[in-house]
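One structure below.
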Amino acid sequence: MWRLIIIAILFQGLVNSAMLERRKRGVDPETAMNISEIILFRGYPSEEYEVVTGDGYILCLNRIPYGKISQKTKEPKPAVFLQHGLLADGSNWVTNLDYNSLGFALADAGFDVWLGNSRGNTWSQKHINYTIKQKEFWMFSFNEMAMYDIPASVNFVLNKTGQEQLFYVGHSQGTTIGFIAFSVLPELAKKIKMFFGLAPVMTVKFSSGGLVKLGELPEFLLKEIFGTKQIFPQNAVIKWLATHVCGQVLIDELCGNFFFLLCGFNEKNLNMSRVEIYSTHCPAGTSVQNMLHWSQAVKSGEVRAFDWGSRKENMAHYKQPTPPPYKMERMLVPTALWTGGHDWLSDRKDIAILLTLIPNLIYHKEIPEWEHLDFIWGLDAPQRMFRDMIQMMHKVQYAH
């Protein structure tokens with residue numbers, strides 16, 4: 001009992017100290033900004049669009065049409081579509097400083113950059129028939145993101161830019177839905193010049209970390225804890241903690257370690273001064289059904305279509321008693337992968353399996369020290385990944 005009291009007093013002292021420090025410093029304005037506002041705040045042009053999917057979800061798309069170095073021209077710039085991962089949003093690509101954010105780096109390198117936002121995250125919570133208060137809104141998983149969100153977003157970008165193809169960059173679940181979409185929808189796959197997979201995830205047989213431990217819980221218990229609608233949304237409590245608690249040096253370490261506990265450790269490669277910005281935008285929420293789908297993958301060791309829990313329901317959805325596997329061998333898009341040696345979610349053993357499944361793999365680089373978040377927030381990402389990606393895109397673009 002006395003230990004708990006002492007710990008509570010110490011924690012309260014840390015919080016009070018952090019709040020006092022925050023009053024002195026002031027809150028970083030980016031903590032309260034949406035994606036478009038962050039882009040403008042950094043001195044880049046910003047556009048925002050709404051895209052309606054085939055099943056009625058209204059997604060937010062953000063655009064950086066040109067950079068500060070590569071200015072607006074009459075000639076169209078090659079389009080790049082960036083797709084975030086699980087519990088994330090399009091801000092992942094722009095919440096670091098200019099040179100450390102892939103979205104800005106690509107814009108400055110001469111690309112027309114588009115940031116996707118999956119259904120159910122902070123910026124994509126509209127539907128033509130349902131509201132977020134209705135359970136019907138939340139009846140989706142990464143399967144629907146692949147089958148509806150990606151086609152709608154890619155087609156919108158191509159129609160808007162007048163181009164026939166674009167580059168696709170996915171991180172984590174963003175690679176999963178890319179793999180599924182481009183293997184199941186061959187006409188969509190033809191519209192992808194090249195697929196860049198960062199911390200790719202297609203099997204989670206050997207994954208570890210906090211999210212995997214959560215996925216190991218029985219389905220009934222997950223529903224009992226989280227309900228059947230939304231899970232881990234960005235909310236007022238998280239924003240308050242991020243803006244009033246994260247920010248002081250010691251507290252920054254604690255806030256940063258929340259991400260490390262979920263994804264792996266590489267603390268020296270995270271800009272701790274940006275943690276409050278990351279924390280006020282991520283997690284950005286998803287559906288409980290999406291987490292249940294990942295839970296099924298954790299327990300089975302493979303990624304299949306969502307298991308509806310009964311032979312009858314699966315027959316209704318798939319015309320077979322069990323959910324079908326995704327056939328990666330049909331994904332013919334030229335693919336380049338970057339993986340991390342310390343990535344708990346995209347484990348080396350799972351990557352070894354994935355490498356055998358991709359028929360048109362043209363490049364793979366493992367960065368031994370990297371974990372799951374280095375691909376979007378790593379301090380050394382420009383030198384160890386951005387440069388190679390941009391060179392590869394230029395080579396492909398100008399070979400056409």
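Backbone N, Cα and C define each Cβ position, glycine as well.
Listed features, source Swiss-Prot:
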- 1-17: signal peptide (SIGNAL)
- N34: N-linked glycosylation site (CARBOHYD)
- 78-378: domain 'AB hydrolase-1' (DOMAIN)
- N129: N-linked glycosylation site (CARBOHYD)
- N159: N-linked glycosylation site (CARBOHYD)
- S172: active site, charge relay system (ACT_SITE)
- N271: N-linked glycosylation site (CARBOHYD)
- H372: active site, charge relay system (ACT_SITE)
Legend entry - Spatial separation of H372 (active site, charge relay system) from N271 (N-linked glycosylation site) - C-alpha basis, Å: 15
Inset, instruction - Determine, to the nearest whole angstrom, how far the Cα atom of N159 (N-linked glycosylation site) is from the Cα atom of N34 (N-linked glycosylation site). - result: 25
Legend entry - Cα proximity to S172 (active site, charge relay system), best match among recorded positions N34, N129, H372: H372
Legend entry - Mean of the pLDDT scores, which run from 0 to 100, over the domain 'AB hydrolase-1' (78-378): 91
Legend entry - Number of Cβ atoms other than its own within 10 Å, given for N271 (N-linked glycosylation site): 17
Inset, instruction - Identify, in sequence order, the residues in the chain of N34 (N-linked glycosylation site) that are 6 or more apart from it along the sequence and have a CB within less than 8 Å of its CB; answer 'none' if there are none. - result: W123
Legend entry - Spatial separation of H372 (active site, charge relay system) from N129 (N-linked glycosylation site) - C-alpha basis, Å: 36
Legend entry - Secondary-structure category, per DSSP, in which S172 (active site, charge relay system) falls: coil
Legend entry - Least Cβ-crowded entry, counting other Cβ within 10 Å, from the recorded positions listed as N159, S172: N159
Inset, instruction - For each of the recorded positions (N129, H372), count the other CB atoms lying within 10 A of its CB, then report the residue with the highest count. - result: H372
